[in-house]
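Asker: One structure coming up, written as structure tokens, with questions to follow.
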Amino acid sequence: MKVIKVENQVQGGKVAFEILKEKLANGAQTLGLATGSSPLEFYKEIVESDLDFSNLTSVNLDEYVGLDGDNPQSYRYFMQENLFNQKPFKESFLPRGVKDNAEAEVERYNQILADHPVDLQILGIGRNGHIGFNEPGTPFDSQTHLVELDQSTIEANARFFAKIEDVPTQAISMGIKNILDAKSIILFAYGESKAEAIAGTVSGPVTENLPASSLQNHPDVTIIADAEALSLL
């Protein structure tokens, strides 16, 4: 596990983009993408670059259940606004936030991941150590599944909604096994609120109580973080 300390998210985005260029030069075809504020500067680097992504495939980590892709709070909308509209991919897959038939969607998305092995997976990390929407207690052998969101996750994401009652309580997420199946992983972490989770991820015991600690079992993980997020290491 490699840890790179950066001044801020802008520098973090640039560092990650250099890693991406190296992976693309070595033949990477499929990117695993994340939402939230942590990867935004990385996506800006992609958008502003002259690289052609029209032959690449992307698969996203997760999506809220109950939000249509046209909903501004959905992760599909986020990806369209921040990346896909400006830099089209050949194919872009996200879980569908369908309420009525989540089990079928889980099966569909697991098949998509089987058909499109991820070369480089982008991650953020939750204050409780979640990656994707894999909350504490998620088995390390889990694949795509329906998640009941932890209250701390709902509270952390409430800033994106008019009120906390509007935050969905379920999501469909890649499982930890899906994430670990990626050839390479970049995890972004910024701010003091992530320090405890990062300390456990890097140097704590590998435990299902801290989902990100599973990354210690992966051969090619790069953590890009600021001083605050690294303050407990």
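Each residue, glycine too, has its Cβ placed from N, Cα and C.
Annotation source Swiss-Prot lists active site, proton acceptor at ASP62, HIS130, citing sequence analysis. The active site, for ring-opening step annotation in Swiss-Prot covers ASN128, GLU135 and rests on sequence analysis.
I'm curious about the neighbourhood of these features; can you describe it?
Answerer: For ASP62 (active site, proton acceptor), the count of additional Cβ atoms within 10 Å of its Cβ stands at 22 [all protein chains shown].
ASN128 (active site, for ring-opening step): 18 other CB atoms within 10 A of its CB, across all protein chains.
DSSP assigns HIS130 (active site, proton acceptor) to coil in the three-state reduction, placing it in neither a helix nor a strand.
Packing around GLU135 (active site, for ring-opening step) is summarised by its Cβ count: 21 other Cβ atoms lie within 10 angstroms of its Cβ, all protein chains included.
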Asker: List the Cα distance (Å, whole number) between HIS130 (active site, proton acceptor) and ASP62 (active site, proton acceptor).
Answerer: 12
Asker: Between the Cα atoms of ASP62 (active site, proton acceptor) and GLU135 (active site, for ring-opening step), find the distance and write it as a whole number of Å.
Answerer: 13
